[in-house]
Structure formats: C-alpha cells, structure tokens
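As given in Swiss-Prot:
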| type | residues | note |
| --- | --- | --- |
| BINDING | Ser9, Ser10, Met11, Asn12, Ala13, Gly14, Lys15, Ser16, Asp87, Glu88, Ala89, Gln90 | ATP binding site |
| ACT_SITE | Glu88 | active site, proton acceptor |
| BINDING | Cys145, Cys147, Cys182, His185 | Zn(2+) binding site |
Amino acid sequence: MAQLYFYYSSMNAGKSTHLLQSSYNYQERGLVTAIYTAKIDDRFAKGKVASRLGIDADAFLFDEKINLFKDVDQKHQAEKIDCVLIDEAQFLSTEQVKQLTDIVDLLHIPVLAYGIRTDFLGQTFSGSAALLAWADKLVELKTICHCGRKANFVIRQDANGKAVQNGEQVEVGGNERYEPLCRAHFKQLVWL
C-alpha cells in the first residue's frame, strides 16, 4: 500500500543523500522514480538533487505554480512511476502537499518527501507543517550540534558569522549561511 513519508531534520543531516539512496534502491530493482526539487534552490545545478558527498541525480523542478498531482499523473501515463521523491519539501505549498496525498491515495504511488522542519527563527515552514500533519509516516533524520547534542534547529548567519534574527523566511544558502544547532544553543543565539 502506497504511503506519504516525510523525512525531516535540520540542515546537514543527509536528507538529499538519503533521497538519492532511496531512488537508487528503486532503480536497482528496475523500477522508475520521479525526483522533484525546488526551483528556488540554486545551490547546485538547476534540475539536480545533489548531496554534499558528491552524488547527484536529475530532477524535475517544482515551484508554487505546478500542480504536482497533474504533473505526476501525466508522467505516470507515459511511463509507469513506482515512487515519487521530493527534495526541499519545506518549499511546497499546503495545496501541493494535498496533491501529494492524492498521488498516494488515487494513483497508489508512494511519495517520499524530504525537508527542513523549521526555519532560522524556529518557525515551521508551511510545506513542513502540512507534511507533519498529513504524512502517513514521519521519520526524523538526525544531525549534531557543535556541542555533540542532537541539532533540532538551524540558524542563519550574516557575513560575519553572527546569528540573524529577522528577514525573509526563504533565503537559499548552504553551510556558509546556515548552521544546525541544539535547542539550547539556538535559544542562546536567536531567542536571546
């Protein structure tokens, strides 16, 4: 039975690596996957999901305008799709998460979504909030804070490495801008 999975974490926990491994596992068995990633994420080449380990795969791009159910249904009619994988799922709209549930419930295709739970201020992304509410399975991928504790949060840093305490929720960046932290260190830097 197909299900909607949400793999969530802070940054640098290996979400993209896990997605690429899952896709490979399907493909190794002769099954077809459809990988999607956010158009807004320009850290790597457009139309690619890439891991810091150096592996990557081609991906379809999504933005706020795409109807994921219709897009997957069209692709599925042309070639049977056995699994849909979504990278950067925090950037999905609530409506797009509903579309993912339709892919599972109506097309009977499993969907594996990977994303960050909270932003640099500790607020939930709308896509992540909807996935936390509606996914059949929730899986936390763990990373660690510099102190060795589990990192549940992420801070955004300015050019001087100082924690930013305001700004737009979405600002794409990598290790040079964001750092995963445990709650205690996050509170010290952001909630002052």
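Every residue gets a Cβ built from N, Cα and C, even glycine.
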- Least surrounded among the binding-site residues, given as Met11, Ala13, Cys145, Cys147, Cys182, when other CB atoms within 10 Å are counted: Cys147
- Note on the structure: binding-site residues Cys147, Cys182, His185 vs Met11 (ATP binding site), shortest C-alpha separation belongs to Cys182
- Can you tell me how far the Cα of Lys15 (ATP binding site) sits from the Cα of Glu88 (active site, proton acceptor), in Å? 9
- Note on the structure: Other C-beta atoms within 10 angstroms of the C-beta of Ser9 (ATP binding site) total 23
- Query: In Å, rounded, how far does the Cα of Ala89 (ATP binding site) sit from the Cα of Cys145 (Zn(2+) binding site)?
  - Reply: 23
- Item | Whole-number Å value for how far Cys145 (Zn(2+) binding site) lies from Asp87 (ATP binding site) (Cα to Cα) | 23
- Message: Other than Cys145, Cys147, Cys182, His185 themselves, what residues in this chain have Cβ atoms within 8 Å of the centroid of the Zn(2+) site's Cβ atoms?
- Response: Ile144, His146, Gly148, Arg149, Ala151, Leu181, Arg183, Ala184, Phe186
- Item | In the chain carrying His185 (Zn(2+) binding site), residues 6 or more apart in sequence that have Cβ under 8 angstroms from it | Cys145, His146, Cys147
